[in-house]
Amino acid sequence: STPEQAFLNDWAYSIGNLAIIAIIPILVKYYVPFFRKLKVPTAYGYLEERFGPVMRILGSLLFMLYHIARVAIVIYLPIIAITSVSDINPIIIALFVGGLCIIYTFLGGIEGVIWSDVIQGILLLGGALLVIILGAHYIDGGWATVTSDAITHHKLISGFDMKVSDLSKFLPLIFAGQFFNSLYQYTGSQDVVQRYQTTATMEETKKSLWTNGILAFITIPIFYGMGTVLFSFYNHAAVLPKGFNTSAVVPYFIVTKLPAGIAGLVIAAIFAAAQSTIASSLNAISSCGIVDFKQRFFNDKFKNISDVALARWIIVISGLFSLAVAIYLLVGNTSETWNLFLAVTGLFGVPIAGIFAAGIFTEKANTVGAVIALIVAAGLTYYVQSLNISPFITSSVSFLTSFVVSYLVGLVTPQYRKDVTGLTAKTIDVEYTKK
């Protein structure tokens, strides 16, 4: 979580939030018009039109793997919040919570969410502000102590974050890495791309994107501020249990220090938000499974199985995979889950963002180049990730490798190029005729 980064390190990661604002003009000018113009059923329909069916398969498959990992992390985080204040076996909780989420999505999906997104947001932001206010209030010296600790221990952004010798906090690298991560979220992730197609007008899409960008900026002092305040609190006013998993530092404070009724509401909102996210991801996985695989390639073979029945089976299977990964994280008592999420995005998502970019901004990239680029990017990304330097260097290497390799291979294999009129930025205003 982002508060954990501020608690353990400083606010360096917050610079990544600005990357979301930086990509919005690019989205509005280039990406969104393609998705609205082509009217493809999923984001990976563009990859098929530009590169062929194989890229649609790979793009959709990587999206599914990404969301399986994402669901695992979302299951994991609330569970460590519970286990931080109880002696219940976390695996038992995981089986119970994960099982309920799978059943809930299987039976009703997103429409059954009890808490609306607005109520969740108000409770979560209100809870975050309360953590900051009460955390500082409980410390001897209050805000003066928090400020002193932040300066003394370099808990904000300082000259140390501009030193190339420590790439884990090197601001330009963090910005670049999060730029590429965000590019995948907003261009290659079906759960977001579908919103571009469902909004009534382009103006509404622009408004939605800029609202997201503004919120990303506003939440910086709130979520990173929590981490800084809690750093001071657990240095002066209280002590964390021995061997404590810092990924649970915020919910632990909420449960142990906030008034019982308020703590209950905030924890309930956290679980409701997790449930909503899990349902959204599992439904997105099943949607891609049906549209990009069954309906596109296997409709005749599975004609006796209804789309609804198959979608439910996909939900169950992908949910069980996510649950297995969540249990693996619990057994390892994984901390710094934000870095884990960034690593997952860099491995499964960002290479596809590079292929999308190569398809839109170059005419020479072709199917052969795109496939080779994905293979090379996956291998190199996995290697760089194993060096454990920074998740942002992983994302940067992932994007640049897939983009550059797809272009270079396309450059030396002109025999595999096809007419891409209407599919690139150069011909964005030209009507595309499906071949």
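Each Cβ is built from the backbone N, Cα and C atoms, and glycine gets one as well.
Here TrEMBL flags 12-32 (among others) as transmembrane segment.
If you look up TrEMBL, you'll see 53-79 (among others) marked as transmembrane segment.
Summarising the annotation, TrEMBL assigns transmembrane segment to 91-110 (among others).
The transmembrane segment annotation in TrEMBL covers 122-139 (among others).
Marked as transmembrane segment by TrEMBL: 209-234 (among others).
Feature annotation from TrEMBL assigns transmembrane segment to 254-274 (among others).
The transmembrane segment annotation in TrEMBL covers 310-331 (among others). Same-chain residues lying 6+ beyond the ends of the transmembrane segment (310-331) with a Cβ under 8 Å from its Cβ atoms: 64, 67-69, 71-73, 75-76, 79-80, 90-91, 94-95, 98-99, 101-102, 105-106, 278, 282-283, 285-287, 289-290, 294, 302, 340.
Beyond its flanks by at least six residues, the transmembrane segment (337-361) meets 1-2, 4-5, 13, 30-31, 34, 46-47, 50-51, 55, 58-59, 62-63, 65-66, 69-70, 73, 76-77, 177, 180-181, 183-185, 187-189, 247, 329, 369-370, 373-374, 377-378, 381-382, 385, 391-392, 394-395, 398-403, 406-407, 410, 420, 423-425 of its own chain at Cβ-Cβ distances under 8 Å. Here TrEMBL flags 337-361 (among others) as transmembrane segment.
Counting only same-chain residues 6+ beyond the ends of the transmembrane segment (368-385), those with a CB under 8 A from a CB of the stretch are 47, 51, 54-55, 58, 343, 346-347, 350-352, 354-355, 358-359, 391, 393-394, 397-398, 401-411, 413, 416. Positions annotated as transmembrane segment by TrEMBL: 368-385 (among others).
Annotation source TrEMBL lists transmembrane segment at 391-412 (among others).
By the Cβ criterion (distance under 8 Å, sequence gap of 6 or more), the transmembrane segment (122-139) is counted as touching the transmembrane segment (254-274), at least 3 such pairs being found. Among residues of the same chain six or more beyond the transmembrane segment (91-110), those with a C-beta under 8 A of the stretch's C-beta atoms are 75-76, 78-79, 82-83, 274-276, 278-280, 282-283, 312, 315-316, 319-320, 322-323, 326-327, 330-331.
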